[in-house]
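Novice: Below is the structure I would like to discuss, written out as C-alpha cells.
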Amino acid sequence: MANLAPTFVSPPSGSCGGSLRTSRISAIKLQGRETEQTHLNLGSSYRKKQGLRSNASKETPGLMQGNRTDEYKTAEQTGGYDSFNEMKQRFLTFKEKKYLENLELYRRLAESQAPEFMVIACADSRVCPSVILGLEPGEAFMVRNVANLVPPYESGPSETNAALEFAVNSLKVKNILVIGHSCCGGIHALMSMENADGDNSSSFIRNWVIVGKNARLSTKEAASHLSFDQQCRHCEKESVNHSLLNLLTYPWIEEQVMRGNLSLHGGYYDFVDCTFEKWTLDYYKTISRGNEDVIAVKGRSFWS
C-alpha cells in the first residue's frame, strides 16, 4: 500500500471553503433540519408479550429478583469471565496507584480544570488518545465521534461543536488536535457511498459521515487511480485537513487563531505499525490563497 501524504485540494463551491470567508463577515444562521420518523405497528405479538409481562409481575418478588440476577450475569459474563469484575479491579488499581499517590493533583482538578489541549478523535475502540499520547487527567478536553469529524459552523448544533465552544470560549485551550487513524470504519463508509449528496437517508451513520464529503471528493480527484483501500487511507488524512478548515468557519475559533491564542493541529495514528504523524495548520498561508481555500501546513513531524 502506498504511503500517501494528503493532497490539499480546493474544496468545491458551496463547501467548507466558502464558509471560511463568510465567517469573517457575520455569523451564519443555523439551518433547521428535517427529522425522519419511524412508525411502529404494535401487533398481536406485542400485546401477547405485554400479557406475559403482566402475568410475570404477579410472581413473588424473590423469584423476580432471581431472574434479574441471572440476566445480569448472562449479560456480563462470557464463559465464566466477569468483565465488570475486571473493570472493578482496574479501577481499584487506578485509585491506589494513581489517585491516592497524586491526591493533591486530583483535589485541584476537583475544583477546576485548565487543559492545554482539546482533542477530537474517533470513537474507534482501538484509538485511545489518553493511552497513545500519554495524556493525564486535566491535560486534554476530549470529544470522540465516528471518523473524528468536525462539522462546519453552518451545520448547526452537535455534541462536537458544543464541546468546541466550551473548550475555546470557557476553558481557553491553546491547541486543538484532530486525530485521524488507520483502518477507519467511518471513512470506509464515506468512501463507499455512491452518492455523497443528501438523499434523506434514515441511516444515522450516513447522515453523520456525510460531513466529510469534501474530503471524499478531493480524494476521488487525487487518488482515483489507486485501489479502494489506498483511497480510504488517503481520505483518512484528507478528512483531518478538511476538519481543520471547518474549524476556521467558527468565528470565535478563527478570532483566537488570528490573535495567536489558539493553534490548530492535525494528527494521524497508524495502529498497524504504531506510528504517529503530526502537523500544524499555517493560518496566514492558508487564507492568503484567495478563494482556493487550500490548506497550508507547517511543523510536520513523524513519530516512529
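Every residue, even glycine, has its Cβ placed from backbone N, Cα and C.
Automated prediction, rather than curation, is the source of TrEMBL annotations.
Annotation source TrEMBL lists Zn(2+) binding site at Cys122, Asp124, His181, Cys184. Per TrEMBL, region 'Disordered' is recorded for 45-69.
How buried are the listed features, and what sits near them?
Specialist: Counting Cβ atoms from all protein chains shown, Asp124 (Zn(2+) binding site) has 19 others lying within 10 Å of its own Cβ.
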Novice: Measure from the Cβ of Cys184 (Zn(2+) binding site) and count the other Cβ atoms within 10 Å, all protein chains considered.
Specialist: 24
Novice: Tell me, how many other CB atoms lie within 10 A of the CB of His181 (Zn(2+) binding site), whichever protein chain they belong to?
Specialist: 25
